[in-house]
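Enquirer: Supplied in structure tokens, the structure appears directly below.
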Amino acid sequence: MPHVDIKCFPRDLNDEQKTALAADIAEVIIRHFNSKDSSVSVALNQVQQEDWKAQVWDTEIGPKLDELIKKPGYSM
């Protein structure tokens with residue numbers, strides 16, 4: 001049951017763009033995890049730039065740098 005939780009600065013994506021993004025992400029997950037499409041879920045959470053450090057970096061990125069399989073090219 002892979003679940004992907006995308007956090008990003010706000011983007012003006014329409015429903016078609018969101019659907020395409022989810023399909024692309026799901027395709028990669030299905031290929032690498034040998035999952036079924038019905039098992040994959042994708043969330044898109046838009047976080048204001050001024051809230052990024054408190055809501056994302058301090059809770060999900062910074063404390064878990066050793067666990068990340070793709071590390072960011074920035075620090076806070």
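Note: Cβ is positioned from N, Cα and C throughout, glycine not excepted.
Quantities reported herein were computed from a predicted structural model and do not represent experimental measurements.
Swiss-Prot feature annotations, pasted as is:
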{"type": "ACT_SITE", "residues": "Pro2", "note": "active site, proton acceptor"}
Enquirer: If I restrict to non-local contacts, at least six residues apart, and a C-beta distance under 8 angstroms, what lies near the residue listed as 'active site, proton acceptor' in its own chain?
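Expert: Non-local contacts for the residue listed as 'active site, proton acceptor': Ile29, Phe33, Ser35, Ser39, Val40, Ser41.
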Enquirer: Provide the three-state secondary structure of Pro2 (active site, proton acceptor) computed with DSSP.
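Expert: Once the DSSP labels are grouped into three classes, Pro2 (active site, proton acceptor) ends up as coil.
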